[in-house]
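Listed in TrEMBL for this protein:
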- A:12-38: transmembrane segment (TRANSMEM)
- A:58-77: transmembrane segment (TRANSMEM)
- A:97-117: transmembrane segment (TRANSMEM)
- A:129-151: transmembrane segment (TRANSMEM)
- A:189-210: transmembrane segment (TRANSMEM)
- A:222-241: transmembrane segment (TRANSMEM)
- A:331-352: transmembrane segment (TRANSMEM)
- A:364-387: transmembrane segment (TRANSMEM)
- A:415-438: transmembrane segment (TRANSMEM)
Amino acid sequence: MVDPVLASRLQFAWTTAIHIIFPTITMGLAPFLVYWTWKEVRGDGEVYARLRRFWTKIFALTFVTGTVTGIVLEFEFGTNFASYATQVGGIFGGPLATEGLMAFFLESTMLGIFLFGRERVSDRAFLGSAFLVALGSWLSAVWILIANAWMQTPAGFKMSERAGEQVAVLTDPVAAYLTPRFFYMFTHMQTAAVLSAALFIAGIASYKLLTTDDRSAFWMKTMKVALVAMIITAPLLAVHGDAYGRHIHDTQESKMAAIEATWETGGYAPLYLVAAPTSTDNVVAPAEEDLFTVGIPWGASMLAGAGDPSTVITGFEDIEHDLPPYLLVFYSFRAMVGLGFWFIFLALWGVYRWRQGSLLDDTLLQKAMVASTGLGVLAVEFGWMVAEIGRQPWAIYGELLVSDSVSPGLTGGEAMLTLIGFVGGYLLLFGTWSYLVYRLVRSGPAAPESESTASSEEVSVQ
Amino acid sequence: MMPLALSESYLFGLPLVEIWFVVMFLTLAMFLWLDGSNFGIGVLFGLVDDEEIEESMLAAVAPLWDGTEVWLIVFGGAMFAVFPDVYAGLFSGNYMLMFLILGALIIRGVSPEFREQRHDETWQRVFGGLFVAGSVLAPFFLGMFTANWLVGSTDLFTVPGIVVGLAVVALATVEGAAFTNMKIEQPTGEITTYGTLAQVAYLVLAVTTVAYLYLFVAGMATKVMSEFSLALVGLTAVLGVAYIVMLRSGQALYAFVMAGVQTFGLVALVGYLLYPTIYPITGLTAQKAAVSELAMNLMTVVLAIFLPLVLMYFAVLYNAFRGPVQVGEGY
């Protein structure tokens with residue numbers, strides 16, 4: 001029989017992994033849409049209206065897919081993790097309800113106006129709707145990450161009885177909701193979302209430059225704004241990613257040990273580039289002699305201690321509870337960081353070519369951009385795996401185990417059935433979304449107005 | 001004294017638990033009215049043959065759906081935040097039903113957007129069909145969920161579940177018919193007929209539900225026969241007749257409002273029949289199920305600030321798209 005805990009964990013992991021693709025893109029695209037809308041209503045040229053319209057189509061498709069996949073996550077806390085909901089709902093549910101009230105309503109009502117209201121509202125109101133959509137999507141991230149940060153570094157509560165059960169009761173809202181972890185998570189996630197969207201945009205623009213002879217202002221403007229975003233966000237991610245890593249060292253020792261695959265507690269810990277168990281018996285719970293590693297001496301300690309090689313890292317040997325599946329955490333972390341360095345390189349390369357005036361001639365750069373279209377989102381996935389798998393076996397770090405969070409009456413058969421349904425359903429959704437985005441890209445933006453029907457209104461602007 | 005505590009857990013002389021009990025059902029009612037009318041349009045989409053009207057119906061829903069669906073998310077969120085035991089019990093107890101609801105909502109959510117992306121016939125037929133299926137199944141399963149909640153059942157198929165499920169589909173169709181007639185240039189007899197039939201069906205199903213509760217559900221008889229619930233049933237019948245008259249005389253906006261009041265009446269009846277119990281399976285009362293005072297105070301402050309804003313967004317949205325829809329509008 002299938003274990004309902006494992007099936008529920010896999011289901012939540014899978015539905016989150018697919019869901020996160022869409023909000024990452026929409027949160028990242030939103031500021032670009034505000035910019036293009038602003039240029040459009042200012043009358044800075046017809047190309048901005050076309051840019052806004054083309055990217056809005058992709059945004060709308062992505063938003064709707066993100067919405068339907070996101071509702072599932074909120075409900076899964078009740079269906080699959082009812083014990084979790086009972087025990088910590090009094091703290092964890094608040095940010096989720098607040099997200100709906102404060103952020104999601106704003107985003108989704110204003111989106112109706114932004115998508116369908118160009119002819120119905122004034123320019124200023126239209127620009128306002130674009131801004132409020134962006135604001136709403138970012139506020140959503142605030143509340144989701146407040147909730148998640150509390151799971152990582154819980155604070156501001158005490159255990160108490162309600163209806164015959166021990167439950168977490170809020171005692172200090174500021175401590176619970178404004179954890180230091182939230183600030184690291186939010187800056188890292190939002191910067192990553194903008195970078196992911198920039199890579200997505202640049203990849204699509206490069207694809208069009210490579211495969212068509214369209215050398216119009218449209219794709220050049222697209223490339224340039226994406227490059228500006230990349231050159232700002234890619235290095236920034238490395239800077240606060242480094243600080244975030246030190247914060248993990250200070251607050252979550254088992255996650256830190258998994259990130260670095262550290263066996264022995266102590267200073268001068270090496271930064272491993274390769275870690276592998278020598279037998280399948282210790283994939284989850286390693287023993288010292290079974291861990292094959294290749295590493296840079298002192299590296300992990302220096303990163304954890306901002307350059308101080310004597311910084312102590314707690315090793316697996318001294319961790320009392322079960323370990324997270326450390327290999328997944330270890331390699332996800334390296335994949336994320338590796339991609340991060342690639343993005344910095346790509347941004348520098350692109351900006352260098354731009355300054356040289358040869359952005360259009362470098363087909364190798366364009367091919368690299370096309371190959372990187374989805375890599376930003378992939379890096380976000382790896383980052384989430386580090387955060388969420390690294391938190392295992394805890395649902396609330398140090399307080400509540402995932403195995404004690406699952407719904408008491410849930411059977412393995414039920415959990416397996418819905419898992420299969422979600423794997424199939426979400427693959428279909430993702431496939432259809434990808435196919436439709438590809439179709440939108442292939443057909444490209446609408447032709448400039450001046451080429452089809454010259455509009456007197458357009459000409460008279462400014 | 002906690003930093004954010006309102007006096008003794010009371011606001012305007014009402015205990016916070018009761019306020020949140022009402023708020024939770026209000027969000028459900030808003031969902032069933034606003035998104036319900038979108039579901040109803042989906043139901044009618046499957047019944048109407050005229051392509052022009054079909055396109056008008058889709059165009060009427062398109063700007064609104066994203067916003068209206070959030071009422072369900074906030075309903076779930078409010079229950080999670082203030083009555084987590086109820087949220088946990090209902091959602092895990094109705095495990096398979098919840099996934100049917102989610103599946104229907106997913107299909108309903110994406111299919112109109114996907115349908116617009118390609119203009120060949122097969123593609124449009126497939127996603128048009130999925131739009132109809134999702135629009136019928138989502139209110140049906142939500143009705144089943146509500147009935148299970150009320151009678152304290154976790155079975156997938158029960159008599160009250162199916163009757164209430166059908167009633168909610170009928171009510172959605174009632175709302176959808178009024179909304180469609182509001183939004184098309186020339187209200188049609190066809191839509192009016194469907195609206196009338198759906199209203200009659202809703203009244204029959206609603207009375208059947210109440211009779212079933214009276215006869216077969218232990219402990220309900222007294223409450224069902226109370227003045228309050230009989231008044232609600234009577235009001236629904238009067239509104240139903242008024243709806244038909246309004247729809248037939250071309251006053252679609254008033255018909256839409258009547259259907260809205262009927263929706264709030266239905267949800268009020270559910271809340272009234274439950275209270276003070278909030279989770280009949282264990283007999284848990286709202287008072288016992290509520291989270292700590294501090295958490296509830298905090299949520300009340302959030303609500304007091306944002307609920308008026310939310311209502312304003314909806315006013316702005318519905319105002320921007322008032323009047324008959326123009327097909328082909330949009331991005």
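A Cβ is built for glycine as well, from the same backbone N, Cα and C atoms used for every other residue.
Just so you know, TrEMBL annotations never went through curation; they're auto-generated.
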Going through A:189-210, A:222-241, A:415-438 one by one, which has the most CB pairs that fall under 8 Å from the transmembrane segment (A:129-151)?
A:189-210
Below 8 Å between Cβ atoms, which of the listed ranges A:58-77, A:189-210, A:415-438 makes the most pairs with the transmembrane segment (A:364-387)?
A:189-210
Counting only residues 6+ away from its ends, which parts of the chain sit with a Cβ under 8 Å from the transmembrane segment (A:415-438)?
2, 4, 7-8, 10-11, 14-15, 18, 21-22, 58, 61-62, 65, 68-69, 72, 79-80
By Cβ distance under 8 Å, which residues at least 6 away from the ends of the transmembrane segment (A:189-210) in the same chain are close to it?
23-25, 27-29, 31-32, 55, 138, 141, 145, 219, 222-223, 225-227, 229-230, 233-234, 236-237, 240, 343, 346, 350, 360, 363, 365-367, 369-377, 379-380, 383, 441, 444
